[in-house]
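What TrEMBL lists as Zn(2+) binding site is Cys137, Cys140, Cys157, Cys160.
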Amino acid sequence: MKNKSIIEEAEDIQRAAEMVRLGARMQMLEAETRLSRERLLKIYKEIRGMSPPKGMLPFSTDWFMTWQPNVHASLFMNFFDFFKQHTGLKGLDAILKAYHLYLDHIEAEVIEPALSLTRAWTLVRFFDADLLQMASCTTCGGHFVAHAYDPTHEFVCGLCNMPSRAGKTKRAAEAARATGAKRPAATRRVAKTKALAAAD
């Protein structure tokens, strides 16, 4: 068996460290690097100061269909598709670049991220497995995450047809009182602007 080169190992350690800092779960680290579980655990504990959470990853496309997760997932996927189409990046490299850009835009609007890195990674895997698709909103023209094979000729996104209680969670209310910001409006502005920009 050919020994792994020092350069390859260093690259894996660097990628693992970046993923851990962004909140990746162990399952993602094991799938995306060639490092042993013991080495990954050591990296995780050194960076986070604690053991990684246990349990299985969520495996449901339905989570991405609820209002707020769908807005955030759609924003991320537009960034991901942009990097794939215009930069030549693919796989984990495109995921990490898109996730960094997602965080930059969310933080700029003082919005709490709804999409973790592991969720974003799982989202891409759902697309690769043809479980999800991007649908074009017939009202605004933005591209949004939808179930694969669902009819999309009359698709209207959750921003153009917002639920009556969209964004009205206890956490959002507390944050709005603390900052004076209206979270649903900010979420709508960021997601629609970026989705439309990516669609151009």
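Cβ coordinates come from backbone N, Cα and C, glycine included.
Set these features in their place in the structure for me.
Secondary structure at Cys140 (Zn(2+) binding site), as computed by DSSP, is coil. Counting Cβ atoms from all protein chains shown, Cys140 (Zn(2+) binding site) has 16 others lying within 10 Å of its own Cβ.
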Mind giving me a neighbour count for Cys137 (Zn(2+) binding site)? Other Cβ atoms within 10 Å of its Cβ, every protein chain shown.
23
